[in-house]
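Worksheet: one structure, shown below.
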């Protein structure tokens with residue numbers, strides 16, 4: 001496995017200055033290269049002084065039978081869980097990798113990074129990962145946001161296939177333990193969350209993402225006070241969409257990482273795009 005790391009100018013031009021970190025989790029079929037090359041996070045990150053980490057999406061080269069047979073399970077599709085079902089449990093431990101192994105490698109190798117200031121974001125499968133890792137580890141990440149997240153995997157084909165393969169069909173409790181819609185129902189604490197979903201996204205139309213289920217669960221549990229879900233008219237599932245709104249997501253993280261006021265107005269928006277004002 002490999003990852004990409006973007007260091008902003010502040011990490012190299014200011015002696016002894018440590019910069020905060022935003023972890024970006026990629027979606028199905030991706031590696032750590034795709035968003036680093038197409039997501040356009042570096043623009044605002046350089047202005048805010050935030051490092052961006054782009055991890056891979058699964059282990060590589062384990063030679064498990066069937067791991068390369070489909071785009072939505074196995075290679076490039078680790079779903080940010082620790083598999084418990086053989087043979088996947090021998091190496092598909094993406095939850096532990098992102099929360100434990102990767103941070104140890106990062107902060108021991110790059111003294112420019114501030115381990116006390118870390119946020120998380122992601123796209124699609126990676127949006128699922130960002131939401132679940134944040135909700136399962138209160139206080140570990142300063143903020144969370146997501147593009148087109150798989151927000152209710154136990155009720156969509158992608159999630160059902162992955163969880164059946166990694167956990168087993170009879171392990172429904174493990175399924176729910178990695179489902180953001182289930183986790184938000186019992187989450188305690190502030191949930192300052194930004195989600196962008198394109199109304200032209202075919203996977204949204206097919207019921208793979210189900211952000212409306214997450215919103216409903218957040219409202220019913222009282223966790224929607226600072227929840228902003230923006231349905232962007234006609235935008236799709238591509239990196240063009242992410243590049244269009246990358247600045248907003250870096251700004252969202254900067255509010256917590258840098259103690260700066262982001263340009264985006266706060267408030268709820270479940271069905272319309274918010275107006276954006278930059279200072």
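Just so you know, glycine gets a Cβ as well, placed from its N, Cα and C.
Note that the coordinates shown come from a computational prediction; the quantities given were computed from them, not determined experimentally.
TrEMBL lists 124, 201, 237 with the feature active site, charge relay system.
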Compute the C-alpha separation of residue 124 (active site, charge relay system) from residue 201 (active site, charge relay system), stating it in Å without decimals.
11
Please report how many Å separate the Cα atom of residue 237 (active site, charge relay system) from that of residue 201 (active site, charge relay system), as a whole number.
5
Got a sec? Which of these active-site residues, 124, 201, 237, has the most Cβ atoms within 10 Å?
124
